[in-house]
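J.: Encoded as structure tokens, here's the structure I'll be asking about.
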């Protein structure tokens, strides 16, 4: 009988202790990013790559799961994105909206195809791009195309684009010119931080409401 009591006590102890070691939501999110993100095989800035992964956590886990189910990979590259085998066809090609700059895809730090490729150390605005955050912006292009069925091309979003894209991006020839770019940048503002979300709400309220409905599901 004493042995039975010990067994019961042990089982109870295990039941109490185990929840303490259950994987938190943060760990689950890291897990899907470990599946999505491909790191360079050679030398690279480990701390910056880790920071990029951490920023990608701002994208809802359900959306990251959907990207993974579509076979998407997010490659963090040490060198030019066109050095990646999947993107070699872009060498020497001028990106849309970059005409007359003298630059090609070899100079651009990020792209979103079936593979999302972003250069390590180029996350911030002004480092070869004008996005709030490079890795989030490029990943959200893939979300738009592959998870949200090109929601940036719907009549509802085009109408919002026509009304509000010029509020912050007038004359930039890029975000204000292409609904896909406006979507990726506006969605970045919505997801990046409380401050950027508040700014989106104040300056582009129709866009904010669209994003709020979109990411509520």
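Cβ coordinates are placed from backbone N, Cα and C, and glycine is handled just like the others.
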J.: Please identify the range among 100-103, 104-107, 108-111, 112-115 that Swiss-Prot labels region 'Plays a crucial role in substrate specificity'.
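T.: It is 112-115 that Swiss-Prot describes as region 'Plays a crucial role in substrate specificity'.
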J.: I need the CA-to-CA distance for residue 138 (active site, proton acceptor) versus residue 181 (Zn(2+) binding site), whole Å please.
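T.: Distance between the two Cα atoms comes out at 9 Å.
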J.: Same chain, not part of 137, 141, 174, 181: whose C-beta falls within 8 angstroms of the C-beta centre of the Zn(2+) site? Give them in sequence order.
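T.: Apart from the listed residues, the neighbours are 131, 138, 175, 178, 180, 182, 183, 184, 185.
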J.: Where's the emptiest Cβ shell within 10 Å among the binding-site residues 137, 141?
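T.: Selected from the binding-site residues 137, 141 on minimum Cβ neighbours within 10 Å: 141.
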